[in-house]
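Okay, so here's the structure we're looking at.
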Amino acid sequence: MFHPRARTMLLLSLPALIIGVASSLVLIAAMKVASVFQQFLWQRLPTNIGIAYDSPFWIVGMLTLTGVVVGLIIRYSPGHAGPDPAIEPLISMPVSPSALPGLLLALIIGLAGGVSLGPEHPIMTINIALAAAFGSRLFPRITALDWTILASAGTIGALFGTPVAAALIFSQTLSGSNDIPMWDRLFAPLMAAAAGSLTTSLFFHPHFSLPIAHYTQMRLVDIASGAIVAAIAIAAGMVAVWCLPRLHELLHRLKNPVLILGIGGFILGILGVIGGPLTLFKGLDEMQQMAFSQTLGAGDYFTLAVVKLAALVIAAASGFRGGRIFPAVFIGAALGLMLHAHVEAVPAAITVSCAILGLVLVVTRDGWLSLFMAAVVVPDTNLLPLLCIVMLPAWLLLAGKPLLAANRHEP
């Protein structure tokens, strides 16, 4: 009844569905545990002790302790809590399963303790390793590369609550040929992403969109304004690109993860005191609080953006286990709100979306993901043509530039 091509796609459907659901469940479990632990550390415990959770003493002490604990996990756990996210790309080949318990624990403690990183890199590493380990036993004919693709697609769908991001990302990597069309190659990853996003939606829905005034009509001056905003965001991001490898090398001369992460946590605490609680944690909930605030002005948004960018660099350079996409979105939103407050003639929809596009592009060097993040934070169809046009000069600015990554050091 089905063409051989269709049968091949159907054979991959079951593994794709399983991987997508499992990828989402791993993410949900980690986020739920981290959320409960965060509430204990930042609400119940300081209340019981009689200390304000936003007091300098508590912020510095909690982040320093978080760094020390994560450092102990990295030093003494099997596999040293997986690869350093500052060195490895978001999607890479499977790591040893023995490293996963330490990696998961380091992620949860970092998220709960207020470290300015998201869950995407460790969750991606965990899901890829689990998929390759169990999948190769259940379906030995499927290669490790295929398991990597399915797990990463399922994780992307789960993280962003939609399979669209996975479809965009893998459409540029899984190019078709005369024998195998692109959509044949996309079928299984897209199914994994759909399963991951649907499973996530049963428990919670990632809320990215901000309450920003509707953008009515594109004008030529708006294109120029958007390009300038994106260029400013890229310039800010390139400061982080310059700082990260140098700071990473400087800190890792100490050799001891406990000392490195303890110092990193202490610096994060100092930054948290300067920027306030909004600059802590992964940034999505804090971005909503920032956008809904009626008291913040241009100077406040600037402080939030600078402190969060510095915290992102410190956290990544120290070796905390976490991703950089979610904090980059927060930084872009803060930068965009600051620019709109300075020049109110430029709509906030343009400043926020184009700043996010520029920052995420620096962090990921993925045009589709950058467009996607800008579009979901400011969900306005009138903006899509403008964002696509603004992407062109932004991509030119970053062509051939170094990535936001540290260099691998000899032990």
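Note that Cβ sites are derived from N, Cα and C of the backbone, with glycine treated the same way.
Listed features, source Swiss-Prot:
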type     : residues : note
TRANSMEM : 9-29     : transmembrane segment
TRANSMEM : 54-74    : transmembrane segment
TRANSMEM : 99-119   : transmembrane segment
TRANSMEM : 149-169  : transmembrane segment
TRANSMEM : 186-206  : transmembrane segment
TRANSMEM : 223-243  : transmembrane segment
TRANSMEM : 258-278  : transmembrane segment
TRANSMEM : 296-316  : transmembrane segment
TRANSMEM : 322-342  : transmembrane segment
TRANSMEM : 343-363  : transmembrane segment
TRANSMEM : 386-406  : transmembrane segment
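Taking residue pairs at least 6 apart in sequence, the transmembrane segment (296-316) and the transmembrane segment (186-206) share fewer than three C-beta contacts under 8 angstroms. Taking residue pairs at least 6 apart in sequence, the transmembrane segment (9-29) and the transmembrane segment (223-243) share fewer than three C-beta contacts under 8 angstroms. Beyond the ends of the transmembrane segment (54-74), by six or more residues, the same chain brings 41-42, 46, 80-81, 102, 105-106, 109-110, 112-115, 256-266, 268-270, 272-273, 276-277, 280, 318-321 to within a C-beta distance below 8 angstroms of the stretch. Outside the transmembrane segment (9-29), and at least 6 residues removed from its termini, the chain residues within Cβ reach (under 8 Å) are 2, 119, 123, 126-127, 130-131, 135, 138-139, 142, 146-147, 150-151, 153-155, 157-159, 184, 187-189, 191-197, 199-200, 203-204. Under 8 Å from some Cβ of the transmembrane segment (258-278) lie the Cβ atoms of residues 53-54, 56, 59-68, 70-72, 74-75, 113-116, 251-252, 286, 289-290, 303-304, 307-308, 310-311, 314-315, 317-320, all in the same chain and six or more residues away from its ends. Within the chain carrying the transmembrane segment (99-119), a Cβ under 8 angstroms from the stretch's Cβ atoms is held by residues 27, 30-31, 33-35, 37-38, 40-42, 59, 62-63, 65-66, 69-70, 73-74, 77-82, 85, 125-126, 129-130, 159, 265, 268, 272, 279-284, 308, 311-312, 314-316, 320-327, all 6 or more beyond its ends.
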